[in-house]
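Listed features, source Swiss-Prot:
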- N160, K161, I162, D163, G214, Q215, S216, G217, V218, G219, K220, S221, S222: GTP binding site (BINDING)
- C297, C302, H304, C310: Zn(2+) binding site (BINDING)
- 1-17: compositional bias 'Polar residues' (COMPBIAS)
- 104-273: domain 'CP-type G' (DOMAIN)
- 1-33: region 'Disordered' (REGION)
Amino acid sequence: MSKNKLSKGQQRRVNANHQRRLKTSKEKPDYDDNLFGEPDEGIVISRFGMHADVESADGDVHRCNIRRTIRSLVTGDRVVWRPGKPAAEGVNVKGIVEAVHERTSVLTRPDFYDGVKPIAANIDQIVIVSAILPELSLNIIDRYLVACETLQIEPIIVLNKIDLLDDEGMEFVNEQMDIYRNIGYRVLMVSSHTQDGLKPLEEALTGRISIFAGQSGVGKSSLLNALLGLQKEILTNDVSDNSGLGQHTTTAARLYHFPHGGDVIDSPGVREFGLWHLEPEQITQGFVEFHDYLGLCKYRDCKHDTDPGCAIREAVEEGKIAETRFENYHRILESMAQVKTRKNFSDTDD
């Protein structure tokens, strides 16, 4: 990160945050301003409860408290923070986060109990990792793509473990991937084992903040380790879940720097995107090849299934839309309805 002096606007934000803090400090005293130094720029590389690890402009990492006036703080947030003074007594952290800059994007996931939760900020692209083993699932890829389109974050499809394919298998998989290439998605074929195809992936990651998404078994961690180098292997930092819902462990999202440039946020929150909180219209919009046919159906309330005069189904029959994608569209809608039914049943059971 380059070291930047705070602009007047940023300084005003710090001061305004301070004034709000003064008005809301009756419940519990906040930290004394005299314990901290001058404001500086930083990026959150991880969040742990009411603490955050902030990387300063010179690359050092500081464990910071978070002002109570900050309502949302996640990995990837760019912040204004202040270092703790060496003489500060009773403060076991190195600084405090004062303010959060406006986000360019935010990655969220639905939660049955807390609604839609942010899990990472300022993401440039989502790398959808799939593999031929344990199974190449286009349905899972399509689910991730719908989530990317809804979040308005650029996706890249990465197919791992291509070293396990023979010539015939490679031809078949390429035909499957052509479905996505033909509608404008970038597809990269790689092997974390042999490192085939890693160079184009490195180039796609350079200068951008990425997050890797993929189900268990696709080699996401192995791929990240190969890209980060052995000295920066992804480690799981288990923290206990005290939700009262049983014994669970989770891992905190963390930002890493690639040696070739660019950053990656590794988060367990994107192993699988839930789509049940979306409306059917949002799922339809998430299939980019449908866009040219929306509004052309005979009936305004067309479900794009067996409805007479459905322009999307006609495009499928004419070979303009891949039948596999059309089938997965309806599978997603069906799975959403099932999850919502279970959620509604659970709500009425409380």
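Placed from the backbone N, Cα and C atoms, the Cβ positions cover glycine too.
In sequence order, I132, M170, V173, M189, V190, S191, D196, G197 are the residues of the chain that are 6 or more apart from I162 (GTP binding site) and have a CB within less than 8 Å of its CB.
In the shown protein chains, 19 other C-beta atoms lie within 10 A of the C-beta of C302 (Zn(2+) binding site). Nearest by CA distance to S222 (GTP binding site), out of the binding-site residues C297, C302, H304, C310, is H304. For the binding-site residues V218, C310, the ranking by surrounding Cβ atoms (within 10 Å, all protein chains) places V218 first.
Note on proximity: of the binding-site residues N160, G214, S216, V218, the one nearest C297 (Zn(2+) binding site) is G214, by Cα distance. Classification of S222 (GTP binding site) by DSSP places it within a helix.
Annotation for N160 (GTP binding site): spatial neighbours V129, S130, A131, V190, S191, S192, V218, G219, K220, S222, L223, criterion Cβ-Cβ under 8 Å with sequence separation of six or more.
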